[in-house]
Amino acid sequence: MGRLAVAAAVAAWAIPIAALVDSIVPDPYMDEIFHVPQAQHYCRGDFLTWDPMITTPPGLYYISLAYLASLFPGAWAIKVAEAFDPLCTTALLRSTNVIMAMVCGVLVHDLLLCIKPGIGKTKATAYAILVALYPVHWFFTFLYYTDVASLASVLAMYLSCLKKRFWVSALFGALSILFRQTNVIWMIFFAANGAIAYVQDLSLSDCLSDENSEPTDKSRTEVSDRDSKVSALGLRRRRTNHPISERGVVSGSTKSHTSFTEELFDIGFKIWNSKCKVLITFAPFAIVLVAFGAFIIWNGGIVLGAKEAHVVSPHFAQLLYFGLVSATALLPWHFTPGRVSDLFHWCRKNKTFSSLAMLIALGLSFVAVHLFSIAHPYLLADNRHYTFYIWRKVIQARWMMKYILIPLYVYSWFSVINILGKSQPRVWVVSFVFSVALVLVPAPLVEFRYYTIPLVILVLNSPVIGNGKLLALGSAYAAVDLFTLAMFLFRPFHWGHEPGTQRFMW
């Protein structure tokens, strides 16, 4: 069990299903009508032609070019193609994402072993297969969209940063921005938390070197006699007096009684003391960030094309939707009697704080729902997506329905934050929530595809669940996958007198 098993499992279902999709829907569909012709321009060596309806950079087309170039020698040898251009068919361009889905599975496997060293290869393999089955990610494996490759590049950036290969991580960060501009937020998130871990390691090593450099006979006696009470108390006292103290730096946890403000000051103090080393080590991320800023100035905004349909908007309700969707998609973590009981006991232990937090969350959620719920024209007019029906049949079913959902939104976010807080420092959790807000709030269109990257990060940093729950969730994912695929392939419909067949999809 391991990387090979994950890649083989993904390939086992992805290749035959991709062939089925290509046989029934051979022509570009939905956003593919923009991406496929643009990629074919690149295949012909025409890098100057650009479709003004495409909103994302050309990262997907570059990856497809590299992938198809690797196939060309073999295709030429067996006389399938005597030139490069004929290889750029819709089917082969779509197969780029099949390869990327396999890469995503392997990266999730490696990330789990890095974040949770005790999880074991078998469990990491099961988790990776579960993520590969996540319905939104699974469906877009078979179409020529940017989402799967975008996720792969972000996961590669995350893994490289955790392994302290910061130059490699920054390169993957630059690549991820070429797939989707908002990935710059995840680059900043990984780099910032990587910098915090870096200075904490430096501070810890300084602390240990100070302890080991004490020249007295007493120190030597204490080090040699580790089981004695004097040694234990002496070591504890010295560590308590040091800025690191007993804050679980080694484990990456900040389960201390210090306030969040003190924690921030402590991190700021450490970064300032090691500012030269931090600047040199994390300079690659700064270079990418400066280049991205130059792009925004040159482009006049973050979106490349169709700017009138993607105007930055204060869509704060989008953050609430993500909380509920992610908690529902990760149901065994968030919607079980045990989870409800845990949150209830936590609220009872922290009555004042939890009551105040609950009131603030409910109040802010009400404001977000009442004033900042945006119904994008695409959402209202396009009945080919789940979001169209959820908006009309659930959120807009009655005037009060959107307000009735507020407690669910708040519960979902409380559960997400509480679970993350068990395995990550408070600064990490706050920066994650802030990053999700920066990615989602400016987006006026409700798209479940936008939720995939933060949801996968949630899975990677949530507690390990039992095999039974994993199997149940994987089975539920598979059922949704097959239902959506069947609707897409075998239940086409028409829009009045408009030409062309329409299909249901995420």
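Note: Cβ is positioned from N, Cα and C throughout, glycine not excepted.
The compositional bias 'Basic and acidic residues' feature in TrEMBL is assigned to 215-229.
Positions annotated as region 'Disordered' by TrEMBL: 210-230.
TrEMBL lists 1-19 with the feature signal peptide.
A Cβ distance under 8 Å defines the sequence-distant neighbours of the transmembrane segment (98-115), meaning residues of its chain 6+ beyond its ends; these are 2-3, 6-7, 9-11, 14-15, 18, 63, 67, 121, 123-125, 127-129, 131-132, 137-138, 141-142, 148-149, 151-152, 155-156, 158-159, 162-163, 456, 459-461. Residues or ranges marked as transmembrane segment in TrEMBL: 98-115 (among others).
The annotation transmembrane segment is assigned in TrEMBL to 127-146 (among others). Sequence-distant contacts of the transmembrane segment (127-146) (same chain, six or more residues past either end, CB-CB distance under 8 Å): 6, 9-10, 14, 17-18, 21, 28-32, 35-36, 39, 56, 59-60, 90, 93-94, 96-98, 100-101, 104-106, 108-109, 112, 119, 179-180, 329, 448-449, 451-452, 455-456, 459, 470, 473-474, 477-478, 480-481, 484-485, 488, 505-506.
Among residues of the same chain six or more beyond the transmembrane segment (166-192), those with a C-beta under 8 A of the stretch's C-beta atoms are 56-60, 62, 146, 149-150, 153-154, 156-158, 160, 281-282, 284-285, 287-289, 291-292, 302-303, 431-432, 435, 438-439, 450, 453. According to TrEMBL, the feature transmembrane segment maps to 166-192 (among others).
The transmembrane segment annotation in TrEMBL covers 278-298 (among others).
For 318-335 (among others), the entry in TrEMBL reads transmembrane segment. When Cβ-Cβ distances below 8 Å are used as the criterion, the transmembrane segment (318-335) is approached by residues 134-135, 365, 368-369, 374, 405-406, 408-409, 411-413, 415-416, 419, 436-437, 440-441, 443, 446, 448, 451, 454-455, 458-459, 462-463, 465, 469-470, 472-473, 476 of the same chain, each at least six residues removed from its ends.
Annotation source TrEMBL lists transmembrane segment at 356-379 (among others).
If you look up TrEMBL, you'll see 399-420 (among others) marked as transmembrane segment. Non-local neighbours of the transmembrane segment (399-420) in the same chain are 320-321, 323-324, 326-328, 333-334, 339, 342-343, 346, 357-358, 361-362, 365-366, 369-370, 373, 428-429, 432-433, 458, 461-463; each lies 6+ residues outside the stretch with a CB under 8 Å from one of its CB atoms.
Beyond the transmembrane segment (427-450), the same-chain residues lying 6 or more positions past its ends with a Cβ under 8 Å from any Cβ of the stretch are 136, 140, 145, 147, 182, 185-186, 188-189, 192-193, 196, 254, 260, 263-264, 267, 310-316, 318-319, 321-322, 325, 374, 376, 378-379, 386-387, 391, 417, 420-421, 457, 506. Residues annotated as transmembrane segment in TrEMBL: 427-450 (among others).
What TrEMBL records for 470-490 (among others) is transmembrane segment. For the transmembrane segment (470-490), the list of distant contacts is 17, 20-21, 24-25, 126-127, 129-130, 133-135, 138-139, 330-332, 503-506: same-chain residues at least six beyond its ends, Cβ to Cβ under 8 Å.
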